[in-house]
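Trainee: OK, TrEMBL features for this one:
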- B:12-35: transmembrane segment (TRANSMEM)
- B:47-67: transmembrane segment (TRANSMEM)
- B:73-96: transmembrane segment (TRANSMEM)
- B:108-127: transmembrane segment (TRANSMEM)
- B:162-180: transmembrane segment (TRANSMEM)
- B:244-269: transmembrane segment (TRANSMEM)
- B:289-306: transmembrane segment (TRANSMEM)
Amino acid sequence: MEAYVGYFLYLLSLLTVGGIYAIFALGLNVQWGFAGLFNVGIVGFAAVGAYTYALLTTAESTFHLGGFGLPLPLGMFVGMIMSAIVAAFIGLICIRLRADYLAIATIGIAEIIKLVLKNETEITNGPRGVNKIPRFWEHFSEERFYSSWPMSWFGTSENWEAFFDKLPNWYWQPLFAATILLIVYIIYRMLERARTAPWGRMMTAIRENEPAARASGKDVTRRRIEAFVIGAAIMGLAGALFAQHLRLIEPTNTFDPAKVTFLTWVMLILGGSGNNRGAILGAFLIWTIWSASELVITGSIGLISNIFSTLDPSFLQTRAGFLRMMLIGILMQVILQRYPEGILPEVRPASPKADNNDAGLTGETK
Amino acid sequence: MWEFVNYYFIPGLVLGCIYALGAIGITLTFGILRFSNFAHGEIMMSGAYLTWTVMAAFTALGAYFGFSDWALHPLIAMVPAAALVILIFLATDRFFYKPFRKAETIKVVMASFGMMLIIRSAVQVIWGPNQITFVRGIAKPNATLSEITSNMGLQILMPNKHLFIFAGTIILVVALGYLLNRTRIGKAMRAVSDSPDLAHVTGINVDKVIRATWIVGGICAAAAGVFLVMDTQMLETTMGFRMLLPMFAAAILGGIGKPYGAVAGGLIIGLAEELSAYPWIGDTPLLSPGYKTGVAFAIMVVMLIVRPQGLFKGRSF
């Protein structure tokens, strides 16, 4: 029985983290898939969302600014707003220039954000990070939540304490995973709506043929900034959920560009950029591979160090982690060259006015 | 006054030289191949690791033959390392960038972004993630130089490593100037940078020019990487990534596609980063040293707003 609970929890954690990455990939899909904006600073937007959420919702602490103890959804919402503001700043400067500049600027802003998080120790507790970030559903079992409204309306502190004592200590895990999957679904539905709406078709037009879109009177710069800001807000939300999942965030290892920015890119490209379902599929697929390969590595290292007893297992452990990153990088190159459309290629929404018969006459570009 | 020169101005120039050499490669790639190569910093880093390996191998060889004091100067060990770096550049171009030559540029930028991770992970797999000491000991100021300058009433203190870095940078920049202005291939490189179609029509072999670009960029990148570790005396796998942003800032500041612009931009960025930590007002540093990288980014952002074509009127896209 215990073993099954273990497998069940492993599956749930796969769904949780996979779902968080799916939100990152959906945000990136708005920027890259819809609008063709090359953002390599995903980790920066994630960090803004995560730190905003963390500072607003944690209990008061002497280590960092505040700990304002605000409601969790409010913290997530403000995290999205902050991330969107950073994106608007970058977008206003760089979007009118060629895509390369946006790439450089996003990688730069991600580094600057990390620099600020590391140096402003008064606000963020510097490299030691922010601890005890409340996580959805699990936070109900913290005293500061069940002793205050609305939970205090339904029972006294002692009752709640007894209630949570009776529950298994992983009670929150299925609920948390379900919440994340629900958020993925809601964002997916919203983005599908946006994609088939005139806004989405206009984005495709701008991406595919900018001069034509400009000539037909579309405000190209503005639309691009819109897409960039919306995508960044979604990434900020994902960052806030990431902070909830981890409960302890610090600037260097948590927000490693390789693990956030790069993995998200591989997920989107593998799944199919421009396709929201592709983004979600790619995220779960790559996260499963990533997570399962860790088990394989741990297993094979145990085997190898049994055979070659002179080798230091920790040596192999660190090297194997980097080898895995290298293989993911090579996988990305292979997808880019051989399967640029990904598993689920982009599907263009048909114009509502055009019949299937005269689709050829609508001047569809390749 | 002399504290300012010795602890802020000279280190700023040294850092500037390193940025300048790195930015030359970036600006040439941007000008001739038309994409921003995100893997450039990692190539620099791998050049430094290769140099360290050559030095360590030489010392080990000496120990094998019974000479315990064999040590190779980094500048000599740099030569085989630079050759290897050029090979890495040419191989990545052949297998990862060339397939996208006719595609949209953003695909190559993506490929180079992937290369960045691949090269860094490869270095971490081979040499491990921990810091490695490049050269031991404290760098003492050059005695001859301080004696000569003190006779002239100056107090300039410069360790040997800084003198080597200055000399190396000057030699490389002069050689680059000769190559670009006097030789056939250099003129062809400038022509391709100005207008690839026109260059192609006039019969310039674009493939050869691209190869030459990687070779020049590779030599400069290896030198920049080695100079950086000579200065910090420490090998780290993250150092390439740390250099990337200031080098891009230098390339944009000088004007994309302008090698001399990149040199000027690199020196300006290096000086600005070091001088920003000088206590200009009161006793505390003007800007906390932790924010040095931010200076490069700020300069880049201002440049992109005010003058995207850069100081030397480079290409603006």
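Our numbering is plain: 1 for the first residue shown, then up by one each step along the chain.
Glycine too: its Cβ is placed from the backbone N, Cα and C atoms.
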Trainee: Which one of these stretches, B:12-35, B:73-96, B:108-127, B:289-306, has the most C-beta pairs shorter than 8 Å to the transmembrane segment (B:162-180)?
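Mentor: Ranked by Cβ pairs under 8 Å, first place goes to B:12-35.
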Trainee: Short question: most Cβ pairs under 8 Å with the transmembrane segment (B:12-35), which of B:47-67, B:73-96, B:108-127?
Mentor: B:108-127
Trainee: Rank B:47-67, B:108-127, B:244-269 by Cβ pairs under 8 Å to the transmembrane segment (B:73-96) and hand me the top one.
Mentor: B:47-67
Trainee: Please give the sequence-distant neighbours of the transmembrane segment (B:244-269): residues at least 6 beyond its ends with Cβ less than 8 Å from one of its Cβ atoms.
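Mentor: Contacts of the transmembrane segment (B:244-269) (Cβ under 8 Å, skipping residues fewer than 6 from its ends): 13, 16-24, 26-28, 30-32, 36, 38, 40-41, 173, 176-177, 180, 193-194, 293, 295-297, 299-300, 303-304, 308-317.
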